[in-house]
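**Q** I'd like to ask you about the structure that follows.
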């Protein structure tokens, strides 16, 4: 059978368009746009298996030829992106960012960028990934790691196709098991079985949990070869199942919000991947779905989809590094236009020529790949060394912005003092009348609060103890099981831990109880009940610190800017934070609730300053405070009611 099908190129377009729009910021209508990568995995498995089986049937299959084809397909456009991105990284990135970029380059040529990002634990769905121009190469690494083993398994299975299929089925089942339930193996001593419990080796970035997706495409290829052609099935069945497949993909794209769906891959991933598989099996060009996917425009987008996927993330990341909001309609349209233009040029000028065997021989391809990889490695080392040199130079400059950012503008600063105090599990036996006891409970916003007190030397007449509760688990006491409100992917972490009930012994001893959290709507609504069930005495005082957000902050933008320029920078906070603060203000006593957001964001239309009055950055990520931000915010809230009583 012919491997090429018009509708497969259309399916590629259906995969790449949501990914690009999702990363651009259009998440309101495409909350699950990231599932396009899963569709790509299925398509890739189908196409590669079809090619291998064709060659095996004709007894022409060669491992060397297989990798030559992969090099022609993947490397030319990839190296173009790496070299272009390196140019902009050199001029636009902070030293720390440039160093990580150089490390990313090394991991990419080592076909292990997915492992690098997993090790760095940047988090694919965090705001930090918006500034990472190479984060998307994780999926290429997954494919290449899979295709390092897959052709070998096919080769050594010889003509025993049934044996090959059985082996692949076992591998797919094992892969899915680790992605869905494998974490139970790691926690077997806890005697709990969790329906969603991903093994750490089968997480989002790693091939162990992704192999079954590629193998779904492989099984589709085996089925179609055995049945000779997709049109051998009853026509009406093809229509129905292709339509079901298309609907499954659309549902996934629209509704699979990463905030509410357990971490991919898992059983939810079956919905878009089975949808793609049904279209491959049944979506012939004689069906409605097949005809839709065979539209010339969609096929053209499918043809340039690889280049489009490569180009979109660097363009978005470098645009954001220059502080442009890509979620607005005009910037979004401009970026998409640039992506389409560059992708079309890459496809015509780079991809097609290198796939032509008459223009580039096998030796030229392999030699070119080797030279390009070596050059990339040298470039990466150069960028890492440049980052180190710039760090040394920045420390000597009169403007301390970068050195301040390096010392105090990151997670390590936010957590270090709080974590050190957390080792003190109980209050001391001090009986001094002047030394009162204070317990601070909460998440990273509680860590910020402790830094406010420490940097401004507030609460010095209190013996402070802290208790950490992840924001994913929330602070709650009440008759309802909080698991029903917590995202499924966090059930395991929030079971028998990170619960305020375990802080009750400290609460009973404390004179002052402070709850500081990135409150969710469900916990904010139930906070009056939580406070009531603490059963505080008249001698005890509770304070609730509202959530905060200062808008989108891109620290790189403000390097070498004047103090006057920095002082003019204001941003709109997240509307969700304002809503939660309004809710708490309405339901919590004014002598208890601290609306930090309202005290700080006093600009036009409740906009928030990004810098203190002496030009120091307040927040490095829009939510958490630098050292100077902690001092600035702390001085304001401790001078105003109700915290001025302390």
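Note: Cβ is positioned from N, Cα and C throughout, glycine not excepted.
Remember, TrEMBL labels are computer predictions, not curated facts.
Given the structure is predicted, the values throughout are model-derived calculations rather than measurements.
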**Q** Could you check which of 109-130, 329-350 is flagged in TrEMBL as transmembrane segment?
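**A** Going through 109-130, 329-350 one by one, TrEMBL flags 329-350 as transmembrane segment.
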**Q** With TrEMBL as the source, identify the stretch among 297-317, 402-422 annotated transmembrane segment.
**A** 297-317
**Q** Pick from 3-24, 135-156: which stretch is listed in TrEMBL under transmembrane segment?
**A** 135-156
**Q** Looking at 365-384, 425-444, which stretch does TrEMBL describe as transmembrane segment?
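**A** That would be 365-384, the stretch labelled transmembrane segment in TrEMBL.
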**Q** Quick test of your reading of TrEMBL: among 268-290, 452-474, where does it put transmembrane segment?
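**A** TrEMBL lists transmembrane segment for residues 268-290.
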**Q** Establish whether the number of Cβ pairs under 8 Å between the transmembrane segment (135-156) and the transmembrane segment (31-52) reaches at least three, counting only pairs separated by 6 or more residues.
**A** yes
**Q** Could you tell me what the rest of the chain brings near the transmembrane segment (365-384), counting residues at least six beyond its ends with Cβ under 8 Å?
**A** 68, 71-72, 75, 79, 82-83, 86, 89-90, 98-99, 101-103, 105-106, 108-109, 354
**Q** What mean pLDDT score does the domain 'SGNH' (430-637) have in the model?
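**A** Over the domain 'SGNH' (430-637), the predicted model scores a mean pLDDT of 91.
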